[in-house]
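**Q** Dropping the structure in here first, questions after.
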Amino acid sequence: MFIAVFTACMSGLYLIGIVKDIGVRLVGLDVGIAANAVALVAIFNTAGRIVLGTISDRFGRTKLLSLSLITTTADTFVLSFAHLNFAIFFICVSVIAFCFGGNITIFPPVVGEFFGLRNQTKNYGVIYQGFGIGALSGSIVAGAMGSFRITFIVIGVMCIISSLILAFIKPPRVTNSESVELKLNKHIA
């Protein structure tokens, strides 16, 4: 799960940091128009938190995370391989921001479902380190590769790997003593 948080954050936070530059360098937009993408990212990031958070209660959290990462993969590959214009750029940026916002909202309850509420803050604290490391890694990869497009390919491949992990990951089994403790806690509450 750490890898999935790392990947989701790397894709979203890298994009947030360079979205204006992509618009100027890869699409050829005026600086002022490209800067509007920053506002668009904020709007779709917020919308993703609300919409995907709500959908995850019905659809299934790990399935939705996996689908969100596949969607992010598609958009990073479009940014890598397609001839970019105004519309394609803004659509891809919006979708990646939407998925990133939603992913960040969905991970905390997934940790609770997988590891229980008793130690959720400890477990999420460890898994959430992927956020910080992911934030740094996008720029490190970009610096090493020297290209926005190659960095998006790397991010896309990592999103595929994370999506596969989420598609096959199962919550740990609860032992008999943990089951009794959970039943007692429910009875007391």
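Cβ atoms are placed via backbone N, Cα and C, with glycine included.
Because the structure is a prediction, the values reported are computed rather than measured.
As annotated by TrEMBL, domain 'Major facilitator superfamily (MFS) profile' applies to 1-174. The annotation transmembrane segment is assigned in TrEMBL to 33-52, 64-82, 88-111, 123-144, 150-169.
Give me the local environment of each listed feature.
**A** Within the same chain, residues 12, 15-16, 19-24, 27, 64, 68, 86, 89-90, 93-95, 97-106 sit at least 6 positions outside the transmembrane segment (33-52) and bring their C-beta atoms closer than 8 Å to a C-beta of that stretch.
Under 8 Å from some Cβ of the transmembrane segment (64-82) lie the Cβ atoms of residues 4, 7-8, 11, 22, 26, 52, 55-56, 88-89, 91-92, 95-96, 99-100, 102-103, 106-107, 110, 148-150, 152-153, 155-157, 159-160, 162-164, 166-167, all in the same chain and six or more residues away from its ends.
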